[in-house]
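Visitor: Sharing a structure with you now.
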Amino acid sequence: MLVDSFNRVIDYIRVSVTKQCNFRCQYCMPATPLNFFDNEELLPLDNVLEFLKIAIDEGVKKIRITGGEPLLRKGLDEFIAKLHAYNKEVELVLSTNGFLLKKMAKDLKNAGLAQVNVSLDSLKSDRVLKISQKDALKNTLEGIEESLKVGLKLKLNTVVIKSVNDDEILELLEYAKNRHIQIRYIEFMENTHAKSLVKGLKEREILDLIAQKYQIIEAEKPKQGSSKIYTLENGYQFGIIAPHSDDFCQSCNRIRLASDGKICPCLYYQDAIDAKEAIINKDTKNIKRLLKQSVINKPEKNMWNDKNSETPTRAFYYTGG
């Protein structure tokens, strides 16, 4: 079992398999060149697999595959199948912008993937283009429908941006509710790679907008996980991921493996442990040591709620959010 210095059990790893992305979202990597490549830095998937086997043996119960955009990584379905075959009890999930999901959903499901989380920031094509610099809405919606068709569990993630998509909060809620999908609204997390004009809505503002139509009952916050779950009077549940709140980090149960082999204890802080050499060499003893050290290195909380703190400099496409 992996336990950090604040007695939090760490049983969840987010694994970035690439920094590449086919979107250039305002809140993530708007200025990154479209011909950006990271192939020379990437860990081979077979080596990532061996690392994750060790992590599973140490108590990891959930693995999320992220990017960049993970569906750009070749051989991903085979990688998932091998991971699933090693331990079928481990929950395998994937975060995606959904652009390539329609043609890959069935193979991902057959490989053993349990769930996809799809970014959906708007239901208006022009806004999706403005936010992501990609004419992507049709592809993303088709990917969502195909995922439901093949039997994948699904969640939607929406980053709420002031004066951009905040007037769609209820419309997006209805879209998700009608498909029996949970939507999670995400507070914008300030970072130096985002456009400077991007401003997000906080949890209270999001709730106030939803309360204009629905009576909201706050459900119990999960003992582990980042999302506060709210229940509407009709029983539908949605989530809010609010990193600016004081209790956001209390139940944190995760670490991150970047695509270049660095283990990141926290999304906010730049600190990381370079495990690339150990992973490439499949050095089990050293991997275990570095894994445990990264867990010990986890800070108590982020500093997004501290107005005097520095804006995080690590790119979210590096760690997968």
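Going from the start of the chain as shown, residues are counted 1 onward.
Note that Cβ sites are derived from N, Cα and C of the backbone, with glycine treated the same way.
Heads up, here are the entries from Swiss-Prot:
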BINDING   Cys21, Cys25, Cys28  [4Fe-4S] cluster 1 binding site
BINDING   Tyr27, Gly68, Ser119, Met189  S-adenosyl-L-methionine binding site
BINDING   Cys249, Cys252, Cys266  [4Fe-4S] cluster 2 binding site
DOMAIN    5-233  domain 'Radical SAM core'
Visitor: What does DSSP assign Gly68 (S-adenosyl-L-methionine binding site), in three states?
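Guide: Going by the DSSP assignment, Gly68 (S-adenosyl-L-methionine binding site) belongs to neither helix nor strand, so it counts as coil.
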Visitor: Taking the center of the Cβ atoms of Cys249, Cys252, Cys266 at the recorded [4Fe-4S] cluster 2 site, which other residues in this chain have a Cβ no more than 8 Å from that point?
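Guide: Neighbours within 8 Å of the Cβ centroid, excluding Cys249, Cys252, Cys266: Phe248, Arg254, Pro265, Leu267, Tyr268, Lys298, Pro299, Glu300, Lys301, Asn302.
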Visitor: Return only the integer: C-alpha distance in Å from Cys266 ([4Fe-4S] cluster 2 binding site) to Gly68 (S-adenosyl-L-methionine binding site).
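Guide: With distance taken Cα to Cα, Gly68 (S-adenosyl-L-methionine binding site) is 17 Å from Cys266 ([4Fe-4S] cluster 2 binding site).
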Visitor: Report, as a single number, how many Cβ atoms besides its own are within 10 Å of the Cβ of Cys249 ([4Fe-4S] cluster 2 binding site).
Guide: 20
Visitor: Select the closest residue to Cys28 ([4Fe-4S] cluster 1 binding site) from the following binding-site residues, measuring between CA atoms: Ser119, Met189, Cys249.
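Guide: Nearest by Cα distance to Cys28 ([4Fe-4S] cluster 1 binding site): Met189.
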Visitor: Determine the Cβ neighbour count for Cys266 ([4Fe-4S] cluster 2 binding site): the number of other Cβ atoms within 10 Å of its Cβ.
Guide: 24
Visitor: Using a 10 Å radius around each Cβ and all protein chains in view, which of these binding-site residues has the most neighbours: Cys25, Tyr27, Cys28, Gly68?
Guide: Gly68
